[in-house]
């Protein structure tokens with residue numbers, strides 16, 4: 001088991017390296033750099049001015065050097081301009097030339113400096129990630145129990161009327177992406193035309209003081225899309241378990257139906273959905289980006305949109321590192337959990 | 001003129017769609033009449049869920065096709081009519097001329113364009129791109145997944161690592177990185193198109209060659225014909241303004257009859273790129289399972305080549321799950337296209353596709369509902385139809 005986890009970690013690191021390099025390559029293509037220069041300098045820069053701007057900030061060096069710098073294995077870029085100003089990739093406002101470190105990359109724990117927000121990247125990421133984790137937490141609290149409930153109730157008696165209607169509900173919810181359900185919810189529950197002003201259409205205030213009124217709709221929107229899938233998986237695994245021999249035996253013994261479901265079937269039926277729930281995390285990330293733009297909630301997804309829109313290279317890299325690790329770690333947990341939960345695999 | 005009432009709007013919308021109803025009726029009547037001779041497709045009409053799903057999907061397909069032929073739309077989806085900004089459904093056109101449709105059936109959006117016509121036109125964009133992109137993703141996934149599952153070993157490890165690499169990327173981040181005007185300017189999407197669009201040709205070539213290898217007299221002309229046509233399509237697809245065709249000396253630019261705008265190409269390529277690793281994993285898993293069967297061993301003993309076994313023994317036997325996944329994946333691609341439109345990536349801002357329209361409509365959602373809701377409901381019903389269709393297909397294919 002230890003070796004297995006170690007190997008998975010190796011693969012994870014390799015994947016993260018490859019992916020950050022791809023992001024690095026894409027953000028450092030010349031048109032993107034030109035866009036960065038023009039948004040940071042001014043829109044009417046001539047081609048030569050753009051070139052000087054990039055030269056002075058170390059953007060026009062070879063790709064591998066720049067990537068090494070970001071990793072912290074190549075010394076940072078430094079240059080003294082004609083007017084005596086000291087510039088470089090490790091220079092931060094308020095830090096003197098002597099104090100500026102030679103290396104500044106993730107190996108040194110420095111995630112870089114955001115050109116969009118004019119602040120340290122790790123600061124921004126932590127702050128926004130906190131907002132998003134809070135959102136995710138409530139999504140999980142709402143989504144997982146209700147999805148399992150729907151799945152178990154539907155799978156309990158296959159083909160019954162409950163099964164039909166709950167299955168239709170789960171298909172409907174998988175067919176409704178967040179931007180559709182979000183728009184419908186906002187239209188129905190917040191607009192002045194329908195008149196049901198139950199909730200608020202934006203979650204901007206939810207960042208400071210989340211209340212049911214301003215926070216429920218975003219949570220519901222994300223939860224609903226993921227719910228259908230988990231519910232269908234639970235239903236499939238539940239129907240399979242309900243046809244197993246030991247359930248028949250329990251029935252013939254005269255165990256009551258609720259007891260069969262809770263004591264015999266449920267435990268075995270919940271192994272498969274566990275994997276699915278873990279693998280839903282990466283998809284939640286998608287939903288988070290959509291819902292955060294839709295409800296104007298400034299979290300991780302909002303940072304992603306801002307960073308990508310302004311070609312903020314170092315922020316974008318940090319965002320991709322975080323999201324890639326979320327994906328890979330959830331995969332790891334789902335693999336380990338699957339082995340742990342399933343006695344047949346655990347013992348052999 | 002008076003504004004139309006709700007009942008009248010419904011009647012008029014239904015009337016505008018009459019060509020769709022006729023086509024749907026014909027299709028269903030014919031299919032049900034001959035359902036015993038139509039294989040899996042015919043069996044679909046035994047399950048009510050499958051029939052509802054198929055009906056919904058075909059409804060939007062016909063709406064897309066007839067909409068593109070200008071049979072349904074009442075106004076030009078891009079033209080703005082003064083005085084119609086954000087007007088409610090059924091508002092009569094101020095100063096309508098002779099021969100012009102006198103109402104905005106579903107109202108006007110915030111640029112005073114007809115919502116009804118835009119939704120109809122948007123269907124055509126989805127109906128065009130989603131199935132085709134899914135098909136391409138399947139070709140890529142099958143061409144790489146079959147050998148990975150069949151041979152295993154290093155090839156499998158390498159290809160699986162690549163697939164997992166792409167899958168570990170959050171889709172939205174990938175879209176934000178790939179689908180921008182800056183990236184289009186670098187020509188990267190064209191490069192990706194050159195690589196990705198090659199797979200269908202390889203697939204076709206290997207498919208036919210492995211089957212007819214033993215009859216060269218039949219194979220050679222067939223291959224020349226099919227691959228020639230495919231290559232021509234390939235060149236026409238990837239070259240813009242005869243760019244690639246002309247760069248190969250001796251080829252006239254007549255070979256490039258149609259151009260795909262850079263914006264559409266990049267959307268298409270990234271959707272294929274995002275979908276193919278999942279297809280790869282499914283095909284690989286199926287191939288690994290099926291290669292242990294007796295009929296594969298029989299073919300190996302007969303001395304059939306590996307590609308014959310993969311494409312003519314394994315693939316047909318994996319068709320059930322693949323067809324079901326194909327339907328689900330078209331739905332997923334539709335959602336992805338909507339996401340792209342929602343974030344304003346790739347497609348031009350005035351484009352009537354559903355995602356862009358939802359994005360535009362949501363800004364004024366608390367005051368005006370009518371611009372955002374029709375495209376949202378349209379997208380919902382199409383994806384729902386595809387999911388139901390996949391469910392029906394799964395049910396019916398399990399009955400055998």
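Each Cβ is built from the backbone N, Cα and C atoms, and glycine gets one as well.
Copied over from TrEMBL:
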- B:123-390: domain 'ABC transmembrane type-1' (DOMAIN)
- B:13-34: transmembrane segment (TRANSMEM)
- B:54-73: transmembrane segment (TRANSMEM)
- B:123-146: transmembrane segment (TRANSMEM)
- B:158-179: transmembrane segment (TRANSMEM)
- B:191-210: transmembrane segment (TRANSMEM)
- B:222-244: transmembrane segment (TRANSMEM)
- B:264-283: transmembrane segment (TRANSMEM)
- B:326-347: transmembrane segment (TRANSMEM)
- B:367-390: transmembrane segment (TRANSMEM)
Ranked by Cβ pairs within a distance under 8 Å of the transmembrane segment (B:123-146), the first of B:54-73, B:158-179, B:191-210, B:326-347, B:367-390 is B:326-347
Relative to the transmembrane segment (B:264-283), the stretch among B:54-73, B:326-347, B:367-390 with the most Cβ pairs under 8 Å is B:326-347
Request  = May I ask whether the transmembrane segment (B:326-347) has at least three C-beta pairs under 8 Å with the transmembrane segment (B:54-73), counting pairs 6 or more apart in sequence?
outcome  = no
